[in-house]
Amino acid sequence: MFPMVTGFMNYGQQTVRAARYIGQSFMTTLSHVNRLPVTIQYPYEKLITSERFRGRIHFEFDKCIACEVCVRVCPIDLPVVDWELETNIRKKRLLNYSIDFGICIFCGNCVEYCPTNCLSMTEEYELSTYNRHELNYNQIALGRLPMSVIDDYTIRTILNSPQSLIKMVKPPLIKD
């Protein structure tokens, strides 16, 4: 008779434990009901990136001294630097500089260690193309600065959207 009583007690304890777990998960779900949605309508609304965001690399051709520090610090030896030595002035002359963003891991080492600060990170993150060879940017494409999200008149940022966060929190008043 005792095994049957202990079996009923174990069954009761397991039932209470299962009900408690279900109740905890239900309370978690209810606590998230009042939160605002995080989803944005991507092509029409964009988030403003932070100052430390690592987007596409910007390159200034006139500042580069062809020292190849960017190639040495890159974990995948990505930047391609073509230069020639001018013997009359005993300096390197930069011929071509390119980065393939299909391979780049956006670590920022090239920007950090560049002695002349000719490399910088921009806030551009839309690099999608239909052909992977279009992601190989030369010095001309790297020199173009992207349009800032804040200055782009075709994009509504989250801060300027007509449904601001304060309006979304307040429920509409219904008068009878």
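Heads up, the Cβ atoms here are built off N, Cα and C, so glycines get one too.
Around CYS70 ([4Fe-4S] cluster 1 binding site), the same-chain residues at least 6 positions away in sequence with a Cβ under 8 Å from its Cβ are PRO79, VAL81, ASN109, CYS110, TYR113, CYS114, LEU119. According to Swiss-Prot, the feature [4Fe-4S] cluster 1 binding site maps to CYS64, CYS67, CYS70, CYS114.
Following the DSSP three-state reduction, the secondary structure of CYS107 ([4Fe-4S] cluster 2 binding site) is coil. Neighbour count (other Cβ atoms within 10 Å of the Cβ, all protein chains): 14 for CYS107 ([4Fe-4S] cluster 2 binding site). Residues annotated as [4Fe-4S] cluster 2 binding site in Swiss-Prot: CYS74, CYS104, CYS107, CYS110.
Here Swiss-Prot flags 55-84 as domain '4Fe-4S ferredoxin-type 1'. Counting residues per DSSP class in helix, strand and coil order gives 5 helix, 8 strand, 17 coil for the domain '4Fe-4S ferredoxin-type 1' (55-84).
What Swiss-Prot records for 95-124 is domain '4Fe-4S ferredoxin-type 2'. For the domain '4Fe-4S ferredoxin-type 2' (95-124), the list of distant contacts is 49, 53-65, 67, 69-70, 73-76, 78-84, 132, 135-139, 142, 145-146, 148-149: same-chain residues at least six beyond its ends, Cβ to Cβ under 8 Å.
On a Cα basis, CYS64 ([4Fe-4S] cluster 1 binding site) lies 17 Å away from CYS74 ([4Fe-4S] cluster 2 binding site). Within 10 Å of the C-beta of CYS64 ([4Fe-4S] cluster 1 binding site) we count 19 further C-beta atoms, all protein chains included. The [4Fe-4S] cluster 1 site, placed at the center of the C-beta atoms of CYS64, CYS67, CYS70, CYS114, has further neighbours from the same chain whose C-beta lies within 8 angstroms: ILE65, ALA66, GLU68, VAL69, VAL81, CYS110, PRO115, THR116, CYS118, LEU119. Other than the site residues CYS74, CYS104, CYS107, CYS110, same-chain residues with C-beta atoms no more than 8 angstroms from the centre of those residues' C-beta atoms, the [4Fe-4S] cluster 2 site, are ILE57, CYS70, VAL73, PRO75, ILE76, LEU78, PRO79, ILE99, ILE105, PHE106, GLY108, ASN109.
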